[in-house]
Amino acid sequence: MAKDLKTMFIRCCGYLQDPHHVASFQKLCGVQGSFPVKLSRKEWENDFFVNGACVKRHQDQSGNGEGHVGGQQIGPLQRSVTAGEQHNDCSNKLQHGTALLSGIGETTEQETVSLEGNRQSSGCRLTGKPSKAVESDRENGDSSGRVKPLRRNSLTGDVGQEFIIQNKFLFYLFTFGSELGNEMFFIVFFPFLIWNVDAFVSRRILVVWIWNLFLGQSTKDIVRWTRPASPPVVKVEVFYNSEYSMPSTHAMSGTAIPFSLFLLTYGRWQYPFLFGLSLAICWSFLVCVSRVYMGMHSVLEVITGFLYSLLILAVFQSTLDQIDSFYLTSHHAPLVIVILHVGFGFLAFTLDSWSTSRGDTAQALGTGAGAALASHLNHQLGLLADPPLSSLPLALPPLSAALLARSLLRLLLGVVVLLATRAAMKAATIPLACRVFGLPAGDVRQARQHMEVELSYRYIVYGTVSFSCVCLVPLLFSYLNLS
(Lines of atoms letter the chains of each structure in order from A and count residues from 1; the text may use other names and numbers.)
(Lines give C-alpha, C1' and ligand atoms only; values in the text may rest on other atoms or scores of the structure.)
Protein backbone atom coordinates (compact mmCIF):
# COMPACT_ATOMS: atom_id res chain seq x y z
CA MET A 1 0.00 0.00 0.00
CA ALA A 2 2.75 2.41 1.01
CA LYS A 3 4.72 1.49 -2.11
CA ASP A 4 1.70 2.13 -4.32
CA LEU A 5 1.15 5.53 -2.71
CA LYS A 6 4.81 6.41 -3.22
CA THR A 7 4.64 5.39 -6.88
CA MET A 8 1.45 7.38 -7.37
CA PHE A 9 3.01 10.43 -5.68
CA ILE A 10 6.11 10.24 -7.89
CA ARG A 11 3.98 9.95 -11.02
CA CYS A 12 1.85 12.89 -9.92
CA CYS A 13 4.97 15.02 -9.33
CA GLY A 14 6.35 14.03 -12.72
CA TYR A 15 3.06 14.97 -14.35
CA LEU A 16 2.96 18.39 -12.66
CA GLN A 17 6.62 19.02 -13.56
CA ASP A 18 6.01 18.44 -17.28
CA PRO A 19 6.90 21.66 -19.17
CA HIS A 20 4.21 20.91 -21.78
CA HIS A 21 1.58 21.90 -19.21
CA VAL A 22 3.27 25.29 -18.89
CA ALA A 23 3.33 25.65 -22.68
CA SER A 24 -0.35 24.66 -22.92
CA PHE A 25 -1.32 27.24 -20.30
CA GLN A 26 0.68 29.91 -22.12
CA LYS A 27 -1.03 29.04 -25.40
CA LEU A 28 -4.42 29.21 -23.68
CA CYS A 29 -3.52 32.70 -22.43
CA GLY A 30 -2.48 33.90 -25.89
CA VAL A 31 1.32 33.56 -25.66
CA GLN A 32 2.87 32.31 -28.88
CA GLY A 33 6.60 31.61 -29.09
CA SER A 34 9.01 31.47 -32.00
CA PHE A 35 11.49 28.60 -32.07
CA PRO A 36 14.05 27.47 -34.70
CA VAL A 37 12.43 24.70 -36.75
CA LYS A 38 14.25 22.80 -39.52
CA LEU A 39 12.24 22.80 -42.72
CA SER A 40 12.21 19.94 -45.18
CA ARG A 41 13.27 20.60 -48.74
CA LYS A 42 9.71 20.06 -49.96
CA GLU A 43 8.61 23.09 -47.94
CA TRP A 44 10.95 25.39 -49.79
CA GLU A 45 9.92 26.55 -53.25
CA ASN A 46 12.43 26.84 -56.07
CA ASP A 47 11.86 30.50 -56.89
CA PHE A 48 13.23 33.22 -54.72
CA PHE A 49 15.68 35.82 -55.91
CA VAL A 50 19.08 36.86 -54.63
CA ASN A 51 20.80 39.78 -56.41
CA GLY A 52 18.13 39.54 -59.05
CA ALA A 53 19.04 35.93 -59.98
CA CYS A 54 16.66 33.08 -59.30
CA VAL A 55 18.08 30.52 -56.84
CA LYS A 56 17.04 27.00 -57.78
CA ARG A 57 16.86 24.45 -54.98
CA HIS A 58 17.09 20.99 -56.44
CA GLN A 59 18.09 17.50 -55.57
CA ASP A 60 21.56 16.47 -56.43
CA GLN A 61 22.57 12.93 -57.22
CA SER A 62 22.89 12.09 -53.54
CA GLY A 63 19.29 13.13 -52.94
CA ASN A 64 20.08 16.18 -50.85
CA GLY A 65 17.89 19.20 -51.44
CA GLU A 66 20.60 21.83 -51.76
CA GLY A 67 20.67 25.29 -53.32
CA HIS A 68 23.26 27.24 -55.24
CA VAL A 69 23.96 30.95 -54.82
CA GLY A 70 26.63 32.44 -57.04
CA GLY A 71 28.27 29.06 -57.56
CA GLN A 72 28.26 28.25 -53.85
CA GLN A 73 26.23 25.41 -52.47
CA ILE A 74 24.01 25.93 -49.44
CA GLY A 75 22.43 23.30 -47.26
CA PRO A 76 18.99 22.68 -45.79
CA LEU A 77 17.40 25.80 -44.39
CA GLN A 78 16.05 26.52 -40.96
CA ARG A 79 14.25 29.53 -39.62
CA SER A 80 12.51 30.77 -36.53
CA VAL A 81 8.78 30.11 -36.68
CA THR A 82 5.93 30.65 -34.33
CA ALA A 83 3.98 27.77 -32.91
CA GLY A 84 1.05 26.82 -35.11
CA GLU A 85 2.29 28.52 -38.29
CA GLN A 86 1.57 26.79 -41.55
CA HIS A 87 4.23 26.82 -44.26
CA ASN A 88 2.10 27.09 -47.38
CA ASP A 89 4.46 28.93 -49.72
CA CYS A 90 7.87 30.53 -49.93
CA SER A 91 6.68 34.01 -48.99
CA ASN A 92 4.91 32.71 -45.93
CA LYS A 93 8.02 30.84 -44.86
CA LEU A 94 10.12 33.98 -45.11
CA GLN A 95 7.67 36.36 -43.44
CA HIS A 96 9.88 36.80 -40.36
CA GLY A 97 12.97 37.42 -42.48
CA THR A 98 15.32 34.98 -40.71
CA ALA A 99 16.93 31.77 -41.95
CA LEU A 100 19.55 29.45 -40.52
CA LEU A 101 22.00 28.03 -43.02
CA SER A 102 23.64 24.76 -42.10
CA GLY A 103 26.81 23.49 -43.74
CA ILE A 104 27.18 20.38 -45.87
CA GLY A 105 29.21 17.25 -45.41
CA GLU A 106 31.79 17.72 -42.65
CA THR A 107 30.47 21.15 -41.69
CA THR A 108 27.83 21.09 -38.95
CA GLU A 109 28.00 24.63 -37.56
CA GLN A 110 24.98 26.83 -38.20
CA GLU A 111 25.19 30.46 -39.13
CA THR A 112 22.26 32.72 -38.44
CA VAL A 113 21.64 34.98 -41.39
CA SER A 114 19.18 37.83 -41.30
CA LEU A 115 17.87 38.07 -44.83
CA GLU A 116 16.76 41.62 -44.38
CA GLY A 117 19.62 42.79 -42.19
CA ASN A 118 22.34 41.42 -44.50
CA ARG A 119 20.86 43.01 -47.60
CA GLN A 120 23.22 45.98 -47.48
CA SER A 121 26.36 44.02 -46.60
CA SER A 122 25.89 41.15 -49.06
CA GLY A 123 23.71 42.78 -51.69
CA CYS A 124 21.08 40.06 -51.25
CA ARG A 125 17.46 40.92 -51.68
CA LEU A 126 14.22 39.01 -51.87
CA THR A 127 11.56 39.76 -54.42
CA GLY A 128 7.97 38.74 -54.67
CA LYS A 129 4.78 39.74 -52.97
CA PRO A 130 4.02 38.69 -49.42
CA SER A 131 1.61 35.84 -49.06
CA LYS A 132 -2.01 36.24 -48.06
CA ALA A 133 -1.16 34.70 -44.69
CA VAL A 134 1.39 37.44 -44.01
CA GLU A 135 -0.99 40.18 -45.09
CA SER A 136 -3.68 38.68 -42.88
CA ASP A 137 -1.28 38.60 -39.91
CA ARG A 138 -0.41 42.24 -40.44
CA GLU A 139 -4.05 43.23 -40.72
CA ASN A 140 -4.83 41.36 -37.49
CA GLY A 141 -2.01 43.15 -35.69
CA ASP A 142 0.15 40.08 -35.00
CA SER A 143 3.33 42.00 -35.78
CA SER A 144 2.45 44.66 -33.22
CA GLY A 145 2.07 41.95 -30.57
CA ARG A 146 5.60 40.65 -31.14
CA VAL A 147 7.68 41.59 -28.10
CA LYS A 148 10.74 40.54 -26.13
CA PRO A 149 11.19 40.10 -22.36
CA LEU A 150 11.24 43.39 -20.47
CA ARG A 151 14.57 42.79 -18.72
CA ARG A 152 17.79 41.04 -19.67
CA ASN A 153 19.00 37.90 -17.95
CA SER A 154 20.60 39.06 -14.71
CA LEU A 155 23.57 36.71 -15.04
CA THR A 156 24.28 36.37 -18.78
CA GLY A 157 22.78 39.58 -20.16
CA ASP A 158 20.71 37.58 -22.67
CA VAL A 159 17.79 39.61 -24.03
CA GLY A 160 15.61 36.56 -24.67
CA GLN A 161 13.62 35.43 -27.69
CA GLU A 162 10.73 37.19 -29.37
CA PHE A 163 7.20 36.00 -28.71
CA ILE A 164 3.72 37.08 -29.74
CA ILE A 165 1.11 38.30 -27.25
CA GLN A 166 -2.45 37.76 -28.45
CA ASN A 167 -4.16 38.70 -25.16
CA LYS A 168 -2.66 41.95 -23.90
CA PHE A 169 -4.92 42.12 -20.85
CA LEU A 170 -3.57 38.83 -19.48
CA PHE A 171 -0.03 39.87 -20.39
CA TYR A 172 -0.26 43.08 -18.35
CA LEU A 173 -2.15 41.34 -15.53
CA PHE A 174 0.42 38.58 -15.09
CA THR A 175 3.32 40.99 -15.57
CA PHE A 176 1.89 42.97 -12.66
CA GLY A 177 1.47 39.76 -10.66
CA SER A 178 5.08 38.79 -11.31
CA GLU A 179 6.29 42.25 -10.25
CA LEU A 180 4.66 41.68 -6.84
CA GLY A 181 7.67 39.47 -6.10
CA ASN A 182 10.39 41.82 -7.42
CA GLU A 183 12.61 44.45 -5.80
CA MET A 184 10.74 47.58 -6.89
CA PHE A 185 7.53 46.32 -5.33
CA PHE A 186 9.24 45.68 -2.00
CA ILE A 187 10.94 49.07 -2.03
CA VAL A 188 7.49 50.66 -2.28
CA PHE A 189 5.31 48.23 -0.29
CA PHE A 190 7.29 48.00 2.95
CA PRO A 191 7.94 51.77 3.24
CA PHE A 192 4.24 52.47 2.60
CA LEU A 193 3.30 50.01 5.32
CA ILE A 194 5.78 51.52 7.78
CA TRP A 195 5.04 55.19 7.08
CA ASN A 196 1.30 55.11 6.46
CA VAL A 197 -0.22 52.00 8.05
CA ASP A 198 1.40 50.19 10.98
CA ALA A 199 5.08 49.83 11.91
CA PHE A 200 4.17 47.00 14.32
CA VAL A 201 2.77 44.90 11.47
CA SER A 202 5.55 45.78 9.04
CA ARG A 203 8.31 44.61 11.42
CA ARG A 204 6.75 41.17 11.69
CA ILE A 205 6.02 40.83 7.98
CA LEU A 206 9.67 41.69 7.25
CA VAL A 207 10.79 38.81 9.49
CA VAL A 208 8.48 36.36 7.69
CA TRP A 209 9.50 37.59 4.23
CA ILE A 210 13.24 37.47 4.96
CA TRP A 211 13.24 33.91 6.27
CA ASN A 212 10.89 32.75 3.52
CA LEU A 213 13.30 34.08 0.92
CA PHE A 214 16.37 32.69 2.65
CA LEU A 215 14.92 29.21 3.08
CA GLY A 216 13.45 29.20 -0.43
CA GLN A 217 16.67 30.28 -2.17
CA SER A 218 18.73 27.86 -0.07
CA THR A 219 16.39 25.02 -1.01
CA LYS A 220 16.82 25.93 -4.68
CA ASP A 221 20.58 25.59 -4.34
CA ILE A 222 20.22 22.20 -2.66
CA VAL A 223 17.65 20.71 -5.06
CA ARG A 224 19.18 22.34 -8.19
CA TRP A 225 16.34 21.87 -10.65
CA THR A 226 16.65 23.88 -13.84
CA ARG A 227 13.94 26.10 -15.31
CA PRO A 228 11.27 24.57 -17.60
CA ALA A 229 12.68 23.61 -20.99
CA SER A 230 12.28 26.02 -23.90
CA PRO A 231 10.89 24.85 -26.25
CA PRO A 232 8.11 24.01 -25.59
CA VAL A 233 7.91 26.74 -22.91
CA VAL A 234 8.01 30.39 -24.05
CA LYS A 235 10.29 32.51 -21.87
CA VAL A 236 8.18 35.62 -21.37
CA GLU A 237 10.67 36.57 -18.64
CA VAL A 238 14.41 35.80 -18.66
CA PHE A 239 15.74 37.89 -15.76
CA TYR A 240 15.86 34.91 -13.38
CA ASN A 241 16.28 32.23 -16.05
CA SER A 242 19.82 31.27 -14.95
CA GLU A 243 18.74 30.47 -11.39
CA TYR A 244 17.46 27.15 -10.13
CA SER A 245 13.70 26.84 -9.95
CA MET A 246 12.55 24.48 -7.20
CA PRO A 247 10.65 25.88 -5.29
CA SER A 248 9.27 29.13 -6.69
CA THR A 249 10.41 31.90 -4.35
CA HIS A 250 8.02 34.31 -6.08
CA ALA A 251 5.19 31.98 -5.06
CA MET A 252 6.63 31.84 -1.55
CA SER A 253 6.85 35.63 -1.19
CA GLY A 254 3.48 36.04 -2.90
CA THR A 255 1.97 33.73 -0.31
CA ALA A 256 3.85 34.78 2.83
CA ILE A 257 3.27 38.53 2.51
CA PRO A 258 -0.52 38.66 1.92
CA PHE A 259 -1.36 35.88 4.38
CA SER A 260 0.89 37.24 7.13
CA LEU A 261 -0.56 40.69 6.46
CA PHE A 262 -4.04 39.24 6.93
CA LEU A 263 -3.14 37.27 10.07
CA LEU A 264 -1.37 40.21 11.69
CA THR A 265 -3.96 42.88 10.91
CA TYR A 266 -7.23 41.02 11.46
CA GLY A 267 -8.31 41.75 15.02
CA ARG A 268 -5.78 44.56 15.30
CA TRP A 269 -7.61 46.61 12.68
CA GLN A 270 -11.33 46.68 12.08
CA TYR A 271 -12.30 45.30 8.67
CA PRO A 272 -14.46 42.42 7.38
CA PHE A 273 -12.91 38.95 7.68
CA LEU A 274 -13.96 37.89 4.17
CA PHE A 275 -12.42 41.03 2.67
CA GLY A 276 -9.01 40.33 4.19
CA LEU A 277 -9.07 36.62 3.36
CA SER A 278 -10.24 37.23 -0.22
CA LEU A 279 -7.50 39.81 -0.76
CA ALA A 280 -4.83 37.41 0.51
CA ILE A 281 -6.10 34.55 -1.68
CA CYS A 282 -6.34 36.68 -4.83
CA TRP A 283 -2.91 38.21 -4.25
CA SER A 284 -1.29 34.81 -3.77
CA PHE A 285 -3.15 33.24 -6.69
CA LEU A 286 -2.12 36.05 -9.06
CA VAL A 287 1.57 35.78 -8.17
CA CYS A 288 1.61 31.98 -8.37
CA VAL A 289 -0.16 31.77 -11.73
CA SER A 290 1.98 34.57 -13.16
CA ARG A 291 5.12 32.47 -12.71
CA VAL A 292 3.66 29.72 -14.89
CA TYR A 293 2.54 32.30 -17.46
CA MET A 294 6.05 33.79 -17.54
CA GLY A 295 7.53 30.35 -18.26
CA MET A 296 9.72 30.53 -15.16
CA HIS A 297 8.22 27.65 -13.18
CA SER A 298 6.36 24.40 -13.62
CA VAL A 299 3.04 23.76 -11.90
CA LEU A 300 4.79 21.53 -9.35
CA GLU A 301 7.34 24.21 -8.43
CA VAL A 302 4.62 26.80 -7.86
CA ILE A 303 2.51 24.45 -5.73
CA THR A 304 5.59 23.49 -3.72
CA GLY A 305 6.46 27.15 -3.14
CA PHE A 306 2.92 27.88 -2.00
CA LEU A 307 2.82 24.97 0.48
CA TYR A 308 6.40 25.57 1.66
CA SER A 309 5.56 29.19 2.44
CA LEU A 310 2.45 28.20 4.42
CA LEU A 311 4.59 25.78 6.44
CA ILE A 312 7.19 28.47 7.23
CA LEU A 313 4.44 30.94 8.08
CA ALA A 314 2.81 28.44 10.47
CA VAL A 315 6.14 27.94 12.27
CA PHE A 316 7.07 31.62 12.50
CA GLN A 317 3.61 32.92 13.33
CA SER A 318 3.80 31.61 16.90
CA THR A 319 7.28 33.07 17.48
CA LEU A 320 6.88 36.55 15.95
CA ASP A 321 6.01 38.21 19.27
CA GLN A 322 9.13 36.79 20.96
CA ILE A 323 11.39 37.72 18.01
CA ASP A 324 10.04 41.28 17.84
CA SER A 325 10.27 41.76 21.60
CA PHE A 326 13.89 40.56 21.62
CA TYR A 327 14.85 42.83 18.72
CA LEU A 328 13.35 45.87 20.44
CA THR A 329 14.32 45.43 24.08
CA SER A 330 17.37 43.19 24.47
CA HIS A 331 20.75 44.87 24.99
CA HIS A 332 22.32 42.00 23.04
CA ALA A 333 19.96 42.45 20.10
CA PRO A 334 22.29 44.50 17.83
CA LEU A 335 25.11 41.94 18.11
CA VAL A 336 22.76 38.99 17.58
CA ILE A 337 21.09 40.70 14.62
CA VAL A 338 24.39 41.33 12.84
CA ILE A 339 25.86 37.87 13.53
CA LEU A 340 22.64 36.06 12.56
CA HIS A 341 22.00 37.89 9.29
CA VAL A 342 25.62 37.99 8.12
CA GLY A 343 26.20 34.36 9.11
CA PHE A 344 23.24 33.12 7.11
CA GLY A 345 24.48 35.21 4.19
CA PHE A 346 27.83 33.39 4.24
CA LEU A 347 25.99 30.08 4.47
CA ALA A 348 23.90 30.91 1.39
CA PHE A 349 27.05 31.67 -0.63
CA THR A 350 28.61 28.30 0.21
CA LEU A 351 25.70 26.28 -1.20
CA ASP A 352 26.48 26.90 -4.87
CA SER A 353 28.36 29.13 -7.30
CA TRP A 354 27.45 32.80 -7.63
CA SER A 355 24.14 33.76 -9.20
CA THR A 356 21.49 36.40 -8.70
CA SER A 357 19.78 34.19 -6.11
CA ARG A 358 22.86 34.55 -3.84
CA GLY A 359 22.60 38.30 -4.22
CA ASP A 360 18.85 38.33 -3.56
CA THR A 361 19.34 36.28 -0.39
CA ALA A 362 22.06 38.62 0.88
CA GLN A 363 19.90 41.61 -0.06
CA ALA A 364 16.95 40.33 1.96
CA LEU A 365 19.19 39.53 4.95
CA GLY A 366 20.84 42.94 4.74
CA THR A 367 17.43 44.60 4.56
CA GLY A 368 16.28 42.64 7.61
CA ALA A 369 19.41 43.53 9.58
CA GLY A 370 19.08 47.25 8.84
CA ALA A 371 15.38 47.33 9.69
CA ALA A 372 15.88 45.39 12.93
CA LEU A 373 18.74 47.66 14.06
CA ALA A 374 16.67 50.76 13.24
CA SER A 375 13.66 49.38 15.13
CA HIS A 376 15.88 48.70 18.16
CA LEU A 377 17.23 52.26 18.04
CA ASN A 378 13.71 53.71 17.68
CA HIS A 379 12.54 51.79 20.73
CA GLN A 380 15.55 52.83 22.83
CA LEU A 381 15.07 56.51 21.91
CA GLY A 382 11.28 56.42 22.29
CA LEU A 383 10.63 57.14 18.60
CA LEU A 384 7.68 55.76 16.60
CA ALA A 385 6.13 54.03 19.59
CA ASP A 386 3.44 51.44 18.90
CA PRO A 387 -0.12 52.40 19.89
CA PRO A 388 -1.10 51.16 23.39
CA LEU A 389 -3.04 47.90 23.69
CA SER A 390 -5.97 49.82 25.13
CA SER A 391 -6.52 51.51 21.75
CA LEU A 392 -7.01 48.20 19.91
CA PRO A 393 -8.67 47.35 17.62
CA LEU A 394 -7.69 50.28 15.47
CA ALA A 395 -10.36 51.84 13.30
CA LEU A 396 -9.66 52.58 9.66
CA PRO A 397 -9.63 56.36 9.17
CA PRO A 398 -12.24 57.73 6.77
CA LEU A 399 -10.86 58.34 3.31
CA SER A 400 -10.45 61.98 2.40
CA ALA A 401 -8.52 64.03 -0.10
CA ALA A 402 -6.29 65.40 2.64
CA LEU A 403 -5.45 61.90 3.96
CA LEU A 404 -4.65 60.57 0.49
CA ALA A 405 -2.54 63.60 -0.37
CA ARG A 406 -0.58 63.36 2.87
CA SER A 407 0.01 59.62 2.45
CA LEU A 408 1.12 59.97 -1.17
CA LEU A 409 3.41 62.88 -0.28
CA ARG A 410 5.07 60.80 2.44
CA LEU A 411 5.44 57.88 0.06
CA LEU A 412 6.86 59.90 -2.84
CA LEU A 413 9.25 61.91 -0.69
CA GLY A 414 10.39 58.86 1.26
CA VAL A 415 10.93 56.65 -1.81
CA VAL A 416 12.95 59.42 -3.48
CA VAL A 417 15.17 59.56 -0.40
CA LEU A 418 15.56 55.77 -0.39
CA LEU A 419 16.39 55.58 -4.11
CA ALA A 420 18.93 58.39 -3.75
CA THR A 421 20.46 56.60 -0.77
CA ARG A 422 20.65 53.35 -2.71
CA ALA A 423 22.28 55.03 -5.73
CA ALA A 424 24.86 56.87 -3.61
CA MET A 425 25.75 53.82 -1.54
CA LYS A 426 25.96 51.59 -4.60
CA ALA A 427 28.32 54.00 -6.37
CA ALA A 428 30.60 54.09 -3.34
CA THR A 429 30.44 50.52 -2.03
CA ILE A 430 31.48 48.39 -5.02
CA PRO A 431 34.72 50.30 -5.85
CA LEU A 432 35.55 50.45 -2.14
CA ALA A 433 35.00 46.70 -1.68
CA CYS A 434 37.11 45.95 -4.76
CA ARG A 435 39.92 48.11 -3.39
CA VAL A 436 39.75 46.54 0.08
CA PHE A 437 39.82 42.97 -1.25
CA GLY A 438 42.33 43.67 -4.03
CA LEU A 439 39.99 42.93 -6.94
CA PRO A 440 39.69 44.78 -10.29
CA ALA A 441 36.77 47.20 -10.33
CA GLY A 442 36.55 47.71 -14.11
CA ASP A 443 33.88 45.06 -14.71
CA VAL A 444 31.17 45.49 -12.07
CA ARG A 445 29.32 42.31 -13.08
CA GLN A 446 32.49 40.24 -12.78
CA ALA A 447 33.52 41.90 -9.52
CA ARG A 448 30.17 41.13 -7.92
CA GLN A 449 30.63 37.42 -8.59
CA HIS A 450 33.17 37.43 -5.76
CA MET A 451 31.52 36.70 -2.43
CA GLU A 452 33.46 39.43 -0.63
CA VAL A 453 32.25 42.15 -2.99
CA GLU A 454 28.67 40.92 -3.35
CA LEU A 455 28.10 40.46 0.39
CA SER A 456 29.64 43.85 1.16
CA TYR A 457 27.56 45.52 -1.53
CA ARG A 458 24.25 43.91 -0.55
CA TYR A 459 24.63 44.31 3.19
CA ILE A 460 25.98 47.85 3.20
CA VAL A 461 23.65 49.25 0.51
CA TYR A 462 20.38 47.60 1.53
CA GLY A 463 21.16 47.67 5.22
CA THR A 464 21.58 51.44 4.92
CA VAL A 465 18.41 51.77 2.83
CA SER A 466 16.27 49.82 5.30
CA PHE A 467 17.80 51.65 8.29
CA SER A 468 16.94 54.95 6.61
CA CYS A 469 13.41 53.70 5.88
CA VAL A 470 12.66 52.72 9.48
CA CYS A 471 14.54 55.42 11.39
CA LEU A 472 15.84 58.38 9.38
CA VAL A 473 12.95 59.01 6.95
CA PRO A 474 10.32 59.11 9.77
CA LEU A 475 12.53 61.71 11.51
CA LEU A 476 12.50 63.71 8.28
CA PHE A 477 8.69 63.49 8.22
CA SER A 478 8.55 64.76 11.80
CA TYR A 479 10.82 67.68 10.87
CA LEU A 480 8.57 68.52 7.87
CA ASN A 481 5.40 68.07 9.95
CA LEU A 482 4.27 65.16 7.80
CA SER A 483 3.97 62.54 10.54
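Backbone N, Cα and C define each Cβ position, glycine as well.
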Per TrEMBL, the transmembrane segment among 195-212, 249-266 spans residues 249-266
Check the transmembrane segment (273-293) against the transmembrane segment (332-351) for contact, please; criterion is three or more CB pairs under 8 Å, pairs 6 or more apart in sequence.
no
Applying the under-8 angstroms CB criterion, which one of 299-320, 332-351, 399-420 scores highest with the transmembrane segment (169-194)?
399-420
Same-chain residue ranges lying at least 6 outside the transmembrane segment (299-320) that approach it to Cβ under 8 Å
13, 16-17, 21-22, 204, 207-208, 211-212, 215-216, 219, 225, 245-253, 255-256, 259-260, 263-264, 284, 288-289, 291-292
Residue counts (helix, strand, coil, in that order) that DSSP gives for the domain 'Phosphatidic acid phosphatase type 2/haloperoxidase' (202-317):
79 helix, 2 strand, 35 coil
Across the whole of the domain 'Phosphatidic acid phosphatase type 2/haloperoxidase' (202-317), what does the mean pLDDT come to? Round it, please.
92
